[in-house]
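In TrEMBL this protein carries:
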type	residues	note
TRANSMEM	26-48	transmembrane segment
DOMAIN	41-292	domain 'G-protein coupled receptors family 1 profile'
TRANSMEM	60-82	transmembrane segment
TRANSMEM	94-120	transmembrane segment
TRANSMEM	140-163	transmembrane segment
TRANSMEM	211-229	transmembrane segment
TRANSMEM	241-259	transmembrane segment
TRANSMEM	271-291	transmembrane segment
Amino acid sequence: MGLFNVTRPASFLLTGIPGLESSHSWLAGPLCVMYAVALGGNTVILQAVRAEPSLHEPMYLFLCMLSFSDVAMSMATLPTVFRTFCLNARSIAFDACLVQMFLIHSFSMMESGILLAMSFDRYVAICDPLHYATVLTNGVIAGMGVAVTARSFITLFPLPFLIKRLPICRSNVLSHSYCLHPDMMKLACADITINSIYGLFVLVSTFGMDLIFIFLSYVLILRSVMAIASREERLKALNTCVSHILAVLAFYVPMIGVSTVHRFGKHAPRYVHVLMSNVYLFVPPVLNPLIYSAKTKEVRRAIVRMFRSIKM
């Protein structure tokens, strides 16, 4: 018990965008639109896949997992972002902040794992199409979903306890409108080496390895596609990967930017840190439903049919 009996504030104060505090009410409108698109768009995709039997295939089941993780991520950040920008209520209890931190990092890691699973789906579909149905059975897909979820929760389970052991006496003002591990540990007036090392270990061993395996899967896919004699067939095969590639870029480019700024941009203006973190958390849930509904005609047709049936 003595391990966690340290000095800490009863609550933290969240921050919107430094220097633009007077404009928070104006920024609330665009943020509400982004949340509406993220929650509404991903919910529509989930419902369209559920209602359309022809979409009960591995590619679209993985898409449902991605949409679910985007909805969960949006719901994890929505309460504090809404209170900070719309109500100017910046306070969040210490334990509530720990819970939000754990959920945000967990759902982010889940999304990374799902993107890796989707790259495996594309690899099997293009490089070994004859065994696609036998390799990616419903049982295998469910097992991959459970593994991705378990990895996230098990890997990140120590984070709240690593924060709780730290005395926090410098300040109780966080840099964002939500709670993140790097932001919270910087407020400690004690050695944070363990937190930094574990955070870097998690980043490299999960997100980093996922990105490497996604890259390798596309190297193999490209090699297989280049062996196809027909140019039309090559383009058709590559076209099935476009949506996934865009989703990978929408997720990893902001994440790499955030990690770089946090690790090496200590002298960068505060608004740069805030802007990069907001892009990382808000953009993928907004873009993913737009990408898949625009670039995947099967999903687009299912959505149209769903809305037509509602009108009838």
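Start at 1 and count along the chain as shown; that gives each residue its number.
Cβ coordinates come from backbone N, Cα and C, glycine included.
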Do at least three C-beta pairs under 8 angstroms join the transmembrane segment (26-48) to the transmembrane segment (271-291), pairs 6 or more apart in sequence? yes
What average pLDDT does the predicted model assign to the domain 'G-protein coupled receptors family 1 profile' (41-292)? 91
